[in-house]
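Chemist: Structure in structure tokens, see below.
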Amino acid sequence: MISVSGKRDYKGQVIFLYEDDSSYIPDEVLEARNISSTLEGKLYSVTNIYISNKFYVIVGLGGYRDLDMKKLKSVVAKSVKQMKKAGIEEYGMDITPFIQRFDSQCLFHLVEGIKLGNYEFYGYKTDKKEYDYTVFLQGIHKDINQVKEIIHKAENIVDGIIIARDLVNAPANRLTPELLSQEVILLGDKAGFEVEILKEDELEELNMKAFLTVGSSSGNSPRLIVMRYKGDSTSDKVAGLVGKGVTCDTGGYCLKASNTMGGIKGDMAGGAAVIGAIYGLAMNKVKTNVVGIIPACENRISRESYIPGDVIDSMSGKTIEIINTDAEGRLILADAITYGIKVEGIDKVIDIATLTSAVVAALGFTTTGVLTNNTEFYDKLIKASEKSGEQFWRFPIYDEYRDMLKSDIADIKNMGKDYLGTVTAGLFIGSFAEKLPWIHMDIAGTAWVNPPIFQYQSEGATGAPVTSLYFLFGMGDE
Ligand code: BES
Ligand code: ZN
Ligand code: ZN
């Protein structure tokens, strides 16, 4: 829990120390500085020290002018991890240096640092003991009620990240398409958005053949999860957020090698990000209309599974030649986008997917790959990313790239030949977006980290890109 309190005496105390400004540091800590040369305020340096029976965690911030929001989020996460390690459940945190530097603008990243630094996937151990903490923020002197409101909204957004992380970390047998649907229904009840779950017979009626083809590879049948959040009654426009919901991806008949199967439960991270973002928007009653569409299914081997060489139909009417059954994400996303256009009347679309290993080769684990047909829409994403601190990079689209998906026997094929795997995968999906403004996010690198790269991450799911999606629609003063 995060509390805004003037009370000053706790068993634990977090202090942040600039290299070049210590005017706000309490005397007892300054005295300790004389005896400990590590207390110089170097960025990310940590000193844990008892001073008159109180446990101090002192974290360096580097130079006053060099501090930015990303560093702030990391130092805060680092500090709370120290308290957690020491088993201290109640402690003060003096945020004067952040307020001095950034005023209330620092609060979102502060909340993120605290909650994500403390995040842990507790899993299914029978003897789990959850750590229950309260951080008392000190150093807020004005507009306490306004600060509380900002913190409350920030907590809702970060809860969206945590929801996404928990879903992605859950293994395939504990999160089948049906179980995922049930989780979304519960979240809809809590946050106030409408949820509709479409089962196989309804998907048949809609002719969602590409989605059904992948889904029929498993006894755990597919579900189309539709989340409707209508926060702006003055507008009839609605944006579509389409997230890949493959609850496990074995590759199907084009089976993955066993040593690459580690992360297959995380192949619904795009869907999880959509769920987390819409949760935050609904909790904060943001004035916008979005519909989340998540085709949830498994990609396995069964008697019914599709095989390379097959030609399948799609809801759009286009026929698709299957080159590789492991390129399943684009098939289900194609139908989900068509559903968004034909049934929900979306006026723009963002699709989010753990789609290609090629994007990891290109951009690594900290940057999401983007394709888009609309620069204005992309600029809005970049603005949102400046608030979220997440990184995106746009891939080029040239006419000759489109030729790579031409099939001899169908309208399109589901895989290009060599290279450009991220671009061809994105272009496949984009060809189903018709003329709508479209952004494609390939989060295969950013959804999952092992080992963690930043202090506010823990091994496994990251919750990317929940906050960027949130800020794309909720650019208020959260
Ligand atoms: N879900 C995978 C992509 C992936 C790879 C996500 C690694 C996370 C980490 C996707 O369905 C897939 O298998 N893609 C293939 C496509 C290829 C067969 C055209 C890939 O990228 O290898
Ligand atoms: Zn695959
Ligand atoms: Zn996949």
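The backbone N, Cα and C atoms fix where each Cβ goes, and this holds for glycine too.
TrEMBL entries are annotated by machine, without manual review.
The active site feature in TrEMBL is assigned to K256, R330. Per TrEMBL, the feature Mn(2+) 2 binding site maps to K244, D249, D267, E328. The annotation Mn(2+) 1 binding site is assigned in TrEMBL to D249, D326, E328. Here TrEMBL flags 324-331 as domain 'Cytosol aminopeptidase'.
Provide an account of the burial state, proximal residues and distances for the features listed.
Modeler: Under the three-state DSSP scheme, K256 (active site) falls in the coil class.
Around the Cβ of R330 (active site), a 10 Å sphere holds 29 further Cβ atoms from the protein chains shown.
Taken residue by residue with DSSP, E328 (Mn(2+) 2 binding site) is part of neither helix nor strand, so it is coil.
Using a 10 Å radius centred on the Cβ of D326 (Mn(2+) 1 binding site) and all shown protein chains, the other Cβ atoms total 19.
Per-residue pLDDT, averaged along the domain 'Cytosol aminopeptidase' (324-331), amounts to 98 for this model.
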Chemist: Which has the fewest other CB atoms in a 10 Å radius around its CB: D267, E328, the listed binding-site residues?
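Modeler: So among D267, E328, the binding-site residues given, the one with the fewest Cβ atoms within 10 Å is D267.
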Chemist: Find the one among the binding-site residues K244, D249, D267 whose C-alpha lies closest to that of D326 (Mn(2+) 1 binding site).
Modeler: D249
Chemist: What binding-site residues in D249, D267, D326, E328 place CB under 6 Å from ligand 2?
Modeler: D249, D326, E328
Chemist: Given the recorded Mn(2+) 2 site (K244, D249, D267, E328), which additional residues of the same chain have their Cβ within 8 Å of the Cβ centre, ordered by sequence?
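Modeler: Result: V246, M268, N299, G329, I332, A353, T354, L355.
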Chemist: Considering the recorded positions K244, K256, which residue's Cβ sits among the greatest number of other Cβ atoms within 10 Å?
Modeler: K244
Chemist: Filtering K244, D249, D267, D326 (binding-site residues) by proximity to ligand 3: which pass a Cβ cutoff of under 6 Å to any of its atoms?
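Modeler: From K244, D249, D267, D326, counting a Cβ under 6 Å from ligand 3 as near, the near ones are D249, D267.
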Chemist: Just to be sure I understand: of K244, D249, D267, E328, R330, which recorded positions have a C-alpha no more than 10 angstroms from the C-alpha of K256 (active site)?
Modeler: D249
